[in-house]
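TrEMBL has this to say about the protein:
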REGION    1-21  region 'Disordered'
COMPBIAS  10-21  compositional bias 'Low complexity'
TRANSMEM  28-50  transmembrane segment
TRANSMEM  90-107  transmembrane segment
TRANSMEM  114-130  transmembrane segment
TRANSMEM  142-163  transmembrane segment
TRANSMEM  183-203  transmembrane segment
TRANSMEM  223-241  transmembrane segment
TRANSMEM  248-268  transmembrane segment
TRANSMEM  288-307  transmembrane segment
Amino acid sequence: MTLHRPPDVPVSVPRPSRAAPVHPRTPGVVVGLVLLVAVLGAVAAGAGLLRGPETFTVETMRGGEAVLYGQGVYRYETLFVGALNRGTDIVTLVLGIPLLLVSTWWARRGSVRGALLLPGALGWFLYVYATMAVRAAFNPLFVVYVALFAAALYAFIVTLVSAWRLPVRVRSGRALPRRGAGVLLLVSGLAMPVIWLGPVVGAQLAGAVPERLETYTTAVTEALDTAVIAPAVLLAAVWIWRRETRGYVLAVPLLTLETMLAPMIAAQTASQLSAGVRLTPPEVVGPLGGFVVLSLAAGLVLARLLAAVDETRPRPEAAPDGLAAGG
């Protein structure tokens, strides 16, 4: 009997799974907007740091006196605000721009974590330059502030909507922080109106204006934080408590902003003290201590959230994408 060898049949040998991009790469238009934000942010922050204060005193529209910064792009800001802006400029250069570029590179490679973090990095520039565009005393950088505001706003919207559609999956053995994140955001969202509006309402009841308003016409930071940031924080807290993925997507930019508060307050306080702004020990220790605690808590929650996200591409036979939330 003659044995015939069966014909060779190609066999598909499965390759070991490895990390791979799990979402479409960041669009080129977003990368262009990010680069524009980075370049203009460096210009605006660098210009703000060029000149130190050379103060002079003016009479305010309300009949009081105010000490102005006196030089550079912050010439017509009060000394308090001009020095504060310089502290923000330092954080923008040292932390804001590097975070923006790294998160863009990460997202561009197809990383889910990078795609979640990119709106957070853009949120810093949106927050800072929305404030500068509508509050800063008019100076040669006004058009730069407006361009930064616009570019950061639309890049933020596009990247947040894109992140909203991501199939966020949780790594095996990990859980997204639910109770910790929810409680932190809830407390932050409720405390913000009290912190900002308390002094405003108190001044109005006394027939006065808020302290440090001086030459300014209205309280822009108080308005933005209370009307925009606080409701967003509370909304994210509610969604997280309901175990909804969109709550975590919205929480990442807010937690990123909260994490940046400690270095921002520290840099602002150091800049004000070096410029000669008189601050009492409680004015230094109180805000700095409070924001350090908040920033550390936000940073820990943010790190735990991003660490729980699975970056590997799911196999075809895998179960549908899901989200697990823990404590």
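Keep in mind that glycine also has a Cβ here, set from the backbone N, Cα and C atoms.
When each of 28-50, 114-130, 142-163 is scored by its Cβ pairs under 8 Å to the transmembrane segment (223-241), the top-ranked stretch turns out to be 114-130. Counted as Cβ pairs under 8 Å, contacts with the transmembrane segment (142-163) are highest for 28-50 among 28-50, 90-107, 183-203.
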